[in-house]
Amino acid sequence: MTIIRKSHPLSKIVNHAFIDLPTPPNISGWWNFGSLLGMCLVLQIFTGLFLAMHYTSDTLTAFSSVTHICRDVNHGWLIRYMHANGASLFFICLYIHIGRGIYYGSYLYKETWNIGILLLFLTMATAFVGYVLPXGXMSFWGATVITNLLSAIPYIGQDLVEWIWGGFSVDKATLTRFFAFHFILPFIIAALATVHLLFLHETGSNNPLGIPSDXAKIPFHPYYTTKDFLGALIXIMFFMTLVLYFPXXLGDPDNYTPANPLNTPPHIKPEWYFLFAYAILRSIPNKLGGVVALILSILVLALLPYIHTSNQRSMMFRPISQFLFWTLVSDLLLLTWIGGQPVEPPFIIIGQTASXMYFTIILIXMXLAGLIXNKXLKW
């Protein structure tokens, strides 16, 4: 068996990626989220495939087809809620995965990090077009508002919006093309995730100490396969509790009414995992400025390898940077809360302050903290 595992062209790839892969001996539970993201992607592709068998992407029947899935299809309600809440699980794992990358300095693997940012953009795009598909009230207005942001692009903006809509508003053409995008994007994500892994295995994994671990590596199997399996088991337990007991807790009640172009919901807001970016978008009183800030809120991650000033890779032994990191986490939670609130005082000023803090901490404060740490340690 060992001979085939190491010699057969196909099993050799799997062997080098998941079995005989040399892994640092001290990576903690924060390193479990990569495999959990893989699990989420597989879950979403399979539940999505079964939903697509019964869904119709027509404005007249989209909402009814989702209702039909929940009422008439065997276990349709379960598949639908697993898919809807699976997106939330995906983003929870994604944000923790990125946070771990920032905390332990994993962004210094530039290729892996940049492909990760591309994966984040693609996942956000997939989640957005997917949210439009049930053609509920919040789906319709969310699609209208977010696609309309493109009209802020000078000169070609309005034409671009109408080109994406396939008409003069969100209609049948929009729904059909969004369904097509929603179906194809996860497979592109899966392909990119493989490339992400390929680049990671070129350098090997980072570890909590942020120091080379070449001297003490251990095989991935059985140590980390077991650990990943335990992580998956815990995540599935929490996930199924959410799906079976509180399936509609993370959704928007407005989405249980069919889309109506004549009736606007009181507060148009996206799903919870986009609220921080939505708050940054709304905190700038200019349309184009808001769109630029929205894109920069994610793109700023690409600058991290270039503004890393510390002589230590990880934040494990850098208390000032740790304080800033957790301040950033609190700031993002604050932005998430603000994104779900109406645009009125005092929320406007809180949102603007939190947005400014977000960029200040990442671009200025973290770079300065690294320099201070170097100075204090006389490095």
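Using the three backbone atoms N, Cα and C, a Cβ is placed for every residue, glycine included.
Feature annotations, courtesy of Swiss-Prot:
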- HIS83, HIS182: heme b b562 binding site (BINDING)
- HIS97, HIS196: heme b b566 binding site (BINDING)
- HIS201: ubiquinone binding site (BINDING)
- 33-53: transmembrane segment (TRANSMEM)
- 77-98: transmembrane segment (TRANSMEM)
- 113-133: transmembrane segment (TRANSMEM)
- 178-198: transmembrane segment (TRANSMEM)
- 226-246: transmembrane segment (TRANSMEM)
- 288-308: transmembrane segment (TRANSMEM)
- 320-340: transmembrane segment (TRANSMEM)
- 347-367: transmembrane segment (TRANSMEM)
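Structural mapping of features recorded in Swiss-Prot.
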residue	record	DSSP class
HIS83	heme b b562 binding site	helix
HIS97	heme b b566 binding site	helix
HIS182	heme b b562 binding site	helix
HIS196	heme b b566 binding site	helix
HIS201	ubiquinone binding site	helix
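Sequence-distant contacts of the transmembrane segment (77-98), counting only residues of its own chain at least 6 positions beyond either end whose CB sits under 8 Å from a CB of the stretch, comprise 30, 33-34, 36-37, 40-41, 43-44, 47-48, 50-51, 66, 69-71, 116, 120, 123, 127, 130, 235, 239, 242-243, 247-248, 250-251, 271-273, 301. Taking CA atoms as the reference points, HIS196 (heme b b566 binding site) and HIS83 (heme b b562 binding site) are 24 Å apart. Across 113-133, 226-246, 288-308, 347-367, the stretch most heavily in contact with the transmembrane segment (178-198), judged by Cβ pairs under 8 Å, is 113-133.
Distance between Cα atoms for HIS182 (heme b b562 binding site) and HIS97 (heme b b566 binding site): 23 Å, as a whole number. Taking Cβ-Cβ distances under 8 Å and a sequence gap of 6 or more within the same chain, the neighbours of HIS97 (heme b b566 binding site) are PHE33, GLY34, LEU37.
When other Cβ atoms within 10 Å of the Cβ of HIS201 (ubiquinone binding site) are tallied across all protein chains shown, the result is 14. Taking the C-alpha positions, the distance from HIS83 (heme b b562 binding site) to HIS201 (ubiquinone binding site) comes to 30 Å. The stretches the transmembrane segment (288-308) and the transmembrane segment (33-53) are not in mutual contact, being linked by fewer than three Cβ pairs under 8 Å (pairs 6 or more apart in sequence). For the transmembrane segment (226-246), same-chain residues at least 6 beyond its ends with a Cβ under 8 Å from one of its own Cβ atoms are 29, 32-33, 35-36, 39, 78, 81-82, 85-86, 88-89, 93.
Within the same chain, residues 279-280, 282-284, 293, 296-297, 300, 303-304, 307-309, 321, 324-325, 327-328, 331-332, 334-335, 338-339, 341 sit at least 6 positions outside the transmembrane segment (347-367) and bring their C-beta atoms closer than 8 Å to a C-beta of that stretch.
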